[in-house]
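Here's what TrEMBL has on this protein:
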TRANSMEM  6-25  transmembrane segment
TRANSMEM  54-75  transmembrane segment
TRANSMEM  87-104  transmembrane segment
TRANSMEM  111-129  transmembrane segment
TRANSMEM  141-168  transmembrane segment
TRANSMEM  188-208  transmembrane segment
TRANSMEM  220-238  transmembrane segment
TRANSMEM  322-342  transmembrane segment
Amino acid sequence: MGSADIVPGVSGGTLALIVGIYTRLINAIKSFDTRFFKQVVTLKFRDAFNEVHWKFMGVLLAGIFCAILFFTKVVPLQVYMFTNPELVYGLFFGLIVGSIFVLIKAIEGFSWVHGLMVLIGAGIGFWVVTLVPADTPESPWFVFISGSIAICAMILPGISGSYFLLILRKYDYILAQFGKLGTSETTAGLLSLLPFVAGAVVGLVLFSRLLSWLLSRYEAKTLAVLIGFLIGSLYVIWPYQDRTFEQIVSKTEVVAYNSSEAQTLRDDPPDQNRPEFRRLGETMNPDGAQKEVEVLTVKNKLIKSDPFIPYLTVQEAGTDRFWSGIWGIVIGLIMVMGLDYLRTET
């Protein structure tokens, strides 16, 4: 489930269905009710934990956390989104398109009413993503809201929570904070993740009950609106986009001109397409005995993103960028078809 939740387009809820723990998962989430929190506040910890499925949730969350660390440390998606955007976003696009067809297939007796709901959802989705700027705030309140929205989507079969983080432009930011864990920036990463975790908890406690109620009474119509939302917001992850970045210096250090760090940066210039890199700045006291140089930590911040259609609007069509996007889309579609096959077989 952790691997599914971290990849936009693959649903953790779908994986829970495949391995046969979805009902148990929903019941475990519902067990964290007002009674549990009242017992915690009154320091009745034994009674509180006897009320909830804490062993199941503890082991499940540990597995999810391990998968998140894998995709931020071993296979750092937040880096590849900058260095190989066509391939990564192509993969995400294929996963979402495949999920849309899977969800449509799940609606029995698709009628004009469902079609209308899809159109309404598509309109809402397009409206929302056009309102969301290329650069959203990293303030705790916005990260909190992002966590609340993403966690609700993560528990729905066929709907990807990570995709909603992409729409809110917080996907790479959250992955980057997880990537800081275990480094010298662990404390900063944890502090940045606290609002996200708090939002996820609130989202689970409050919104999961509303979603459960909607799905139990209006399952087909709710799914139709969600399908429309996915369709309307697709252009956000279209792999072929002219992305404009602003380079922001987040940290400045001064080291000896002949230090090993400065020499390494001279001999091996950094890849400036990465989300964050270090490069040499101004030389200090160039004619003095103690010559020094600035080492700058630079962050790439997306400020503008304009979709284009290869072969129609640019001359780069047919290059590696073009084929990377195509292969990403194909791989994403194959992955979703494979997961859907496993789900139907079980």
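Using the three backbone atoms N, Cα and C, a Cβ is placed for every residue, glycine included.
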Of the listed stretches 111-129, 141-168, 188-208, 322-342, the one with the highest count of C-beta pairs below 8 angstroms to the transmembrane segment (87-104) is 322-342
May I ask which of the stretches 111-129, 188-208, 220-238, 322-342 has the most CB pairs under 8 A with the transmembrane segment (141-168)?
188-208
